[in-house]
Amino acid sequence: MQQSHIPVMLNEMLANLAPQDGKSYLDCTFGAGGYSKAILESCNCYVTALDRDPNVIKRAERIKQNYSTRFDFIETNFADSFAKLKEKKFDGIVLDLGVSSMQLDIADRGFSFLHDSPLDMRMSGQGLSAEEFINTVEEKELADIIYKYGDESFSRRIAKRIVEYRKTARINSTGKLAEIVRNSIGFRKGKIDPATKTFQAIRIYINDELRELERFLANVQNILNKDGRLVIVSFHSLEDRIVKHFFKENSEKPVARSKYSKDNPVIDPNKWLKIITNKAEAPSDKEVELNVRARSAKLRAAKAIYEY
């Protein structure tokens, strides 16, 4: 049975984005459309949504029918969106990182081991598939990827078992990969399946998720209006670390001219952000109870104090 598509930390996202009538907003990760629809319903504003997954186009078209000129959709990865946005600027930008509930629920996409399906994991349907990767990657590189992107302490044991198995048969399904991972470390009863971290690591690597986040952040100031807000929901410690570092490095800091100066502190003009969330916000216990996918979510927000 498919889980309903529940937007993660929806109320917190709206509170930090603070949509206003007549303003324009960018939803960088359309997915099932939960954020876009909520922003459109909150006030008489405009939303442009992005997604590289062609499977979401029909859902975007339905929202377009309901909101007409207030909604626009572009099929693109957010890291590659700047040219397609044609120098358009926004009063708020939101990113909901990671895999969407819709992608997890469609068995043929190969993101989840809850169904035995083809081992794919590509968000755009293009490039190297998880099956191609898992059957060709060297053992050491595989172990490093599982450790780095999955925080998996048994990464070397898992990589060794995968390489041993593929000498006898090709690994071509999510069920088979999950079985190999479980057998390599033992199936421990608990809330989280032993294969979860390995699947997460392979997905992040296949879709180049961390580098794409860094590429987007490096250029985001060019499309955010003064006083515009940037709200990012992450699900992995490495994602959150990138966002936290970016906010810190680009946030305003009063700088005294000298310790003896009586002048008022000045602001470094290269620091163009003001952090809204002093620390990462987490979902409520009630939300996690209703939507287990929210359990690792963290939200950070900042506001542009200069316009580029």
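Heads up, the Cβ atoms here are built off N, Cα and C, so glycines get one too.
What Swiss-Prot says about this one:
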BINDING   Gly33, Gly34, Tyr35, Asp51, Phe82, Asp96, Gln103  S-adenosyl-L-methionine binding site
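Overlay of Swiss-Prot annotations on the structure.
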| residue | record | Cβ contacts under 8 Å, 6 or more apart |
| --- | --- | --- |
| Gly33 | S-adenosyl-L-methionine binding site | Ala49, Val56, Arg59, Ala60, Ile63 |
| Tyr35 | S-adenosyl-L-methionine binding site | Pro7, Leu10, Met13, Asp27, Thr29, Val94, Asp96 |
| Asp51 | S-adenosyl-L-methionine binding site | Thr29, Phe30, Gly31, Ala60, Phe73, Glu75, Thr76 |
| Phe82 | S-adenosyl-L-methionine binding site | Asn219, Asn222, Ile223 |
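Note on the binding-site residues Gly34, Asp96: the fewest other CB atoms within 10 A surround the CB of Gly34. Under the DSSP three-state reduction, Asp96 (S-adenosyl-L-methionine binding site) is assigned to strand.
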